[in-house]
Amino acid sequence: MALLYRRMSMLLNIILAYIFLCAICVQGSVKQEWAEIGKNVSLECASENEAVAWKLGNQTINKNHTRYKIRTEPLKSNDDGSENNDSQDFIKYKNVLALLDVNIKDSGNYTCTAQTGQNHSTEFQVRPYLPSKVLQSTPDRIKRKIKQDVMLYCLIEMYPQNETTNRNLKWLKDGSQFEFLDTFSSISKLNDTHLNFTLEFTEVYKKENGTYKCTVFDDTGLEITSKEITLFVMEVPQVSIDFAKAVGANKIYLNWTVNDGNDPIQKFFITLQEAGTPTFTYHKDFINGSHTSYILDHFKPNTTYFLRIVGKNSIGNGQPTQYPQGITTLSYDPIFIPKVETTGSTASTITIGWNPPPPDLIDYIQYYELIVSESGEVPKVIEEAIYQQNSRNLPYMFDKLKTATDYEFRVRACSDLTKTCGPWSENVNGTTMDGVATKPTNLSIQCHHDNVTRGNSIAINWDVPKTPNGKVVSYLIHLLGNPMSTVDREMWGPKIRRIDEPHHKTLYESVSPNTNYTVTVSAITRHKKNGEPATGSCLMPVSTPDAIGRTMWSKVNLDSKYVLKLYLPKISERNGPICCYRLYLVRINNDNKELPDPEKLNIATYQEVHSDNVTRSSAYIAEMISSKYFRPEIFLGDEKRFSENNDIIRDNDEICRKCLEGTPFLRKPEIIHIPPQGSLSNSDSELPILSEKDNLIKGANLTEHALKILESKLRDKRNAVTSDENPILSAVNPNVPLHDSSRDVFDGEIDINSNYTGFLEIIVRDRNNALMAYSKYFDIITPATEAEPIQSLNNMDYYLSIGVKAGAVLLGVILVFIVLWVFHHKKTKNELQGEDTLTLRDSLSRALFGRRNHNHSHFITSGNHKGFDAGPIHRLDLENAYKNRHKDTDYGFLREYEMLPNRFSDRTTKNSDLKENACKNRYPDIKAYDQTRVKLAVINGLQTTDYINANFVIGYKERKKFICAQGPMESTIDDFWRMIWEQHLEIIVMLTNLEEYNKAKCAKYWPEKVFDTKQFGDILVKFAQERKTGDYIERTLNVSKNKANVGEEEDRRQITQYHYLTWKDFMAPEHPHGIIKFIRQINSVYSLQRGPILVHCSAGVGRTGTLVALDSLIQQLEEEDSVSIYNTVCDLRHQRNFLVQSLKQYIFLYRALLDTGTFGNTDICIDTMASAIESLKRKPNEGKCKLEVEFEKLLATADEISKSCSVGENEENNMKNRSQEIIPYDRNRVILTPLPMRENSTYINASFIEGYDNSETFIIAQDPLENTIGDFWRMISEQSVTTLVMISEIGDGPRKCPRYWADDEVQYDHILVKYVHSESCPYYTRREFYVTNCKIDDTLKVTQFQYNGWPTVDGEVPEVCRGIIELVDQAYNHYKNNKNSGCRSPLTVHCSLGTDRSSIFVAMCILVQHLRLEKCVDICATTRKLRSQRTGLINSYAQYEFLHRAIINYSDLHHIAESTLD
C-alpha cells in the first residue's frame, strides 16, 4: 500500500506539474492586439491542417458573419519561423481573421484552434482604442474684465478612459505646470469616448493674463495632444513718459511707453503746468491712441513746463503720469541749412558733402533728405535719398548716373523727433566724368596697292560713336596683320596710333602685302579708358618681293669651254608665293652707251641675240626654274638646262608657263628695218653702252688697255655683215633654228668675245595676273678673259696656293692679336666713370671687325664693312654668354660695347646746335635727333620755342612709346611741364637724384611738400600724396592748366612720378632685382591711354637708356625665350644718341637678363601668399619641389662681382676669426678706429648689411672671442649701436659665446661697459647696458635681446616661428624708436659665426618691412642680396624654407591681409 501510495502521489505531482506548465504556456501565448476604433484589424495564426476554428470568448465565430472575414492560405514550411527537421517540405496553413470597422464591443479574447491533430490553439486579446484628440475648446483668444469669472474648456476624444486619465490630463500656463491650476481644473465624462476638461476662475486679475494649454500626456510624460487658449484680463491703461525735449521755441517732443491693459488705447490726454502756476490744464490736442510720441505746440519761448499724460481705453482712464523734470522751450527754432559741394565724381557717380551742423544744433538733426535732378530748363528728379547724420560727417555718393551729364543737388536737414525738415540748400551743380564710349560707327577699312610705286597702304575711316558717354578726345587705332604666307608667319604689328578728335581717318603706309589686316577702332573719352571697339578687316593682295639680293657670278672653265656660274639668292616669299624664276643673259653691244631698266629691255631668243648684225643689246632667257626645283647654283653657257632629267624639266616648264598665263612669254623686240650699209645712223641702230666704264673694268677684270683692244675687235666683228638681205637673222651658230617657241628658253654657248650682263626675273601669281620683279643687272663679265677653272681634287698647285694664302692670313691675325694684347695691358684699368675712350685697340678692332650688322645699314662706319651682329641669345645660353664676355677683365663686353654706333648717316641734330637752344642742353654732347625729337607748341611764332632735349623712343614691337629726356634745368622746367601736358603724359620715371657727387643733376620740378602747389608757366602742380618703398618713391601730382579762353572747361590731370633712388650717374645698380621689380611696377600701371612714358635721369641717355633697353629686352625674353641685346641697344641709339652710356650699364643689361632668365618673377603678393608658398613646397611624385629647385639655383648663381677678403685673411687677424671660411668682405666690413701703438686694431669680423631701404641698417657679427670682446664693445660705441640681438648660448666651446659683460661694470681700453638690469620674457631675455667712451665722455644706452629658443644642433631651425616673430617685432621696433639720429646706429646681431641664425633674423626684418609697406614679399631676391654681402648667409634649404613659413605666420598673426582688404 505504501508503494502504491507513493506511486499515486508521484503521478499526481506529474499531472499537477503538467497542468501548471500548460497554464504557463497558455498564458504566455496570449497576444495583445491594439485596434483603432473605426479601422480594420487582422489576426493571424498557423496550422498543419486546414481545419481551424475562431472563437470570441466561448462563442464560435461564424464564417458568414458580416463583421468578420475568415480566410486560409497554404504556405511553405519554416515561413512561421519553426524548424523543419524532415528532409522534404510539407504544407502548413496561414489562418486570418479580419475584424471590420472595429468598435468598443469587439474587445475580448480571440482564439484560433486547430480541429484535428493535437488541437493546438493561439489566443489574441483585442483592445480597441481611440487616439486622444481635442475636438472643441474655448476660443483661442478670450477677454475678460478684471474681477470677472471665466471658464476654459477642452472637449477631448479618447478611449479607453480609466483611472490614469486624471493623471494624464493637465492645464499649463505659458508652457509651465502650476499646482494651483489642478485646483481649478475638473474632468467630466460625457460618454465612453468623450470627456470635458475645464479650468474655471471665479475672479480674474492681471496675474491671470497668459496662454493656457490643455494637454494630454502618455504614461511616460510625453505630450500627445494639446490646445492653447490665450486669456486677456482687461484693465485701465498705464502710461509713462520716457523722454521729453524742447524742439523749438514753442514745441516740445514727447515719447512714452504704454501698457494698454489688454484693450486698445482710444486717446491720450496731456495736461501741462507752466512753471510758477498752481494748476495743470489740458493741452488743446487729444492724441490718437495709436501714437507713442507727439509734438506739442503752442508753448511760450524760453519757458519751463511740467507735463502729465493719461491714457484711456474701453475700461476707463488710467492714472496720470508726470515727467519728473521740467521742460524749457528754446528761445528760437533750430534751423540748419547745409552748404553743399561736390567732392568727387566718376563716370556713373557723384559724391557730395556738406558742412556739419553747429554743436548746439546737432541734437536736433538726425538725418538729411537729398535730391538729385538732371539739369535742364525743367530739372528732372532722378533720385531722392535719406542719409543718417553721423559724427564723422561722411559724404554721400549718388550712383547709377548717366555719364558726362550735369546734375543739380539739394540737401536739407531733418529731425527724427519732429518728423520735419528745414529749408533746402542752394542748388549745387555736378557733372559725371566721361564713361566708356560705344563703338565708332561707319568703320571703313580699305587695303590699297599701288601698281606703279608698289606701295601698300590702308585707309581707315570712321564716324563718332552713337553714344559717346562723354566728350571724345581721341581714337585708339590698333592694326594687326596676319600674314597669308605659309613660309613666313611672323605677325605684322601691332601698330597702334592715337588720333585726336575731330579727325576721323588715318592712313597706314608701307604695310606688308599678302596680309590679312584687322583694325579695331575705339573712342577714348576724357576718362582715358578705351571705349567699345569697332572691328574691321581687309586683305592686302600679294606682291613681288621687297628686295632681290645680289646675284653673284663668275666665269669658269668647264671641259675647255667657258661657262658662267651663278649663285642665286634665296628670296623671301613673305609678300607672296614665288612660282617661277627666269634668268636673262644680256649680250652687250659695245656701241651702246647704257641699258634701259630690265623690265623695259626687249627680250629676244638666243639666236636673235647672237646675230652678228644686231646693233642693240638684247636679252634672252637662259634658264627658267620653278620654285619647286629652285637651286642656288646655276651654270650658264653649258648648253644644258639645270637638270638632265627630262621629266623634271617638263614639270618645271609647265609650272612656270602656267604661272605666266595671260602674259606674253617673251617681250618681242620691235622689227628693225636696216637700210643699206653706210646709211645706218647711230641714232637708229645703236643703244648707248654703259656709262660707268669703271663698272665694266671691274666686272670683266680688264685693264684700260685691254678694254680698248677688245672694243676694237668687237667693232670689226659687227662691221662684217654675213647676210645682205637680213643681217639680223645671222647667228653665231647657223645650225640652230632661227626661232622655235620650244626653244624660248635656251642656254646656248656664250660668245667669249662679248660682254655679258644679266638679271633675274621673279614671278608671283596674283589670282589672274602674273606679277614680275627684276633684279639689278649683274656685274659685266667678259668670258674671253682668264676664267677660274673648276679645280680637280688632284690639283696640288691649287691646294698649295690655298695653303700659302691661309698661312699669310693666320700670320696677320697673330700679329694683330699681339698688338691688341700689348695695348690692352697698357690701357688704364680705372676708366673715368664709364666714359668712352678710343684706344689703338679700338681702332684695330673696328678695322678688323667693322660693324657687321645687316639690320643697321644706316650706321656711320669706316669702309664698306657692315655692322657687328651679336645675334639673339637663348634664355638657356645667357649664363654662358655672360661668362664668355666676362673673361679677361670683361674683354668680350668691351669689344661688343665699342662696336655700338655713336653716329648715324640719317640722323641730324640741327635744332640742338642752334645758338638759341644751346642753353637748353644740360650737356653739350647730349643732343636730340631732329628726326625723333619731341616738338613743343610754338609760342608767339618763335620756332626755337618748340625745342626740348627729349626724343621719342619706341619699345619692344612698338607696343610702348617712351620719351627719353634730360633732367630739367631751372630754365627748362616750364618747357618740361609743357611737354608733359601737350603729350598727355601720365607716368614719369625719374632715375636721378637732385644732387649727386655734390653736383646738381636735376632741378626739382614739383612742389616742396605734400599738399603744396606751385605754378610752372601755365601749369599749376599740386603735390597730392607720396608713398615711399625701399627702392623708390611714388608721388601723385595733380596738374591743371590755366584756361586759354573764358568759358573753356578747366582740364585737370593726375600725374604719377616714380622716383628711383639708388642708381648713381654712369653706374649700374649693384643688384638687378630692384630695378627689375621697379620696371614691373611701372608696367603694372601702364596702359596706352596713359600716353608715352616719360623717362629721365640727368642727361637722359645712360640710366634712361638702360631702363628702356631692359624693359624691351625683358619683354622679348618672356615672349621669344631669347634676347638680342646688341641689336636692341643699336635700335635705341638710332632714336636718341648715346642711350646706354657706359660699359658698366651695358654689362648690367646682361646681368639683369641673366637674373630674370634664371629666376623669373619671384614676387609673392599677400592675398595669394599662403597658396603660392604652398604650391612652391608641394612635392611632385618624383623629384624636388619648386622651392628646392629655386634654392639650388640660388646656390649655383655665382656672384658676378669679385669681392676680396684680404684684410680678414691677414695672418695677424686670423686669431680674431672663429672660422677661416667666414671672413667679411673688404668692401662692407666694419672698420674700427685705429688704436695708437697697436697694429691691426681696425679689424673685427663684422659686416654692414643693407636693409629694406638699401641703407646699412644692420651689422652681422660673429660671437666675440675672449680676445675680441674689447673690439666688440668698441664697435658698439663707435657705430652708436642702441639695439643688440644675440642669437647664441652663453658658455665655453667652439659654438658657444663667452659672457662679454660683467655683473656690474668692466672697462676695455677706453670703453666702459656697465650692466644695468635684465628682464626675462617668454622667448628672449632683455638686458640694459650703459657703454661709455671715456675719451670723449659719451655714454650710450644699449639694449640687448638674447633669443632663447634656437635648437642647439648645427643647421637646425626653430620648429615654430612665434619666437622669432616676437624677437623681430620687439628688437626692430626698439631699433626704430631708439636709434641715434645723425648717424648710422645700425641694429647689430651676432651668432656663432655670424651666418645662419643672424641671417634669418635680418632677412625676417627686411621681409616684414617689405610686407607691411608693399603688401608683397620677394624672399628669393632678399636672400640673394643678403648672400652677396657676407659669406655663409641663408646657406641651407631648411633656413630658406623657414623664411617662407615664418612670413606666412607673421602675416596671419598680425592680420596684415585683413588690413589690406580694409
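Just so it is clear, glycine is given a Cβ too, placed from its N, Cα and C backbone atoms.
What Swiss-Prot lists as disulfide bond is Cys45-Cys112 (among others), and the listing cites sequence analysis. Proximity of Cys45 (disulfide bond) to non-local residues of its own chain (separation of 6 or more, Cβ distance below 8 Å) is seen for Val52, Lys94, Asn95, Cys112, Thr122, given in sequence order.
Looking only at the domain 'Ig-like C2-type 2' (131-230), the predicted model's pLDDT averages out at 89. Annotated domain 'Ig-like C2-type 2' per Swiss-Prot: 131-230, in sequence order.
Taking the Cβ of Cys214 (disulfide bond) as centre and 10 Å as the limit, one finds 25 other Cβ atoms among all the protein chains shown. The disulfide bond annotation in Swiss-Prot covers Cys154-Cys214 (among others).
Positions annotated as transmembrane segment by Swiss-Prot, on the basis of sequence analysis: 806-823.
DSSP gives Cys1097 (active site, phosphocysteine intermediate) a coil state; it is part of no helix or strand. Within its own chain, Cys1097 (active site, phosphocysteine intermediate) has Gly967, Met990, Leu991, Thr992, Lys1001, Cys1002, Trp1063, Asp1065, Arg1103, Thr1104 as residues 6 or more apart in sequence whose C-beta sits under 8 angstroms from its own. Taken from Swiss-Prot, the feature active site, phosphocysteine intermediate covers Cys1097 (among others).
Among the features that Swiss-Prot reports, domain 'Tyrosine-protein phosphatase 2' is placed at 1187-1450.
For Cys1391 (active site, phosphocysteine intermediate), the number of other Cβ atoms no farther than 10 Å from its own Cβ, over all displayed protein chains, is 25. Following the DSSP three-state reduction, the secondary structure of Cys1391 (active site, phosphocysteine intermediate) is strand. Marked as active site, phosphocysteine intermediate by Swiss-Prot on the basis of similarity to another entry: Cys1391 (among others).
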Around the Cβ of Cys154 (disulfide bond), how many other Cβ atoms lie within 10 Å? Please give the count over every shown protein chain. 25
Tell me the Cα distance separating Cys1391 (active site, phosphocysteine intermediate) from Cys154 (disulfide bond), rounded to the nearest angstrom. 89
Could you give the Cα-Cα distance between Cys214 (disulfide bond) and Cys1391 (active site, phosphocysteine intermediate), in whole Å? 82
Mind checking how the domain 'Ig-like C2-type 2' (131-230) divides into helix, strand and coil residues in DSSP? 13 helix, 58 strand, 29 coil
Within 10 Å of the Cβ of Cys112 (disulfide bond), how many other Cβ atoms can you find? Include all protein chains, please. 22
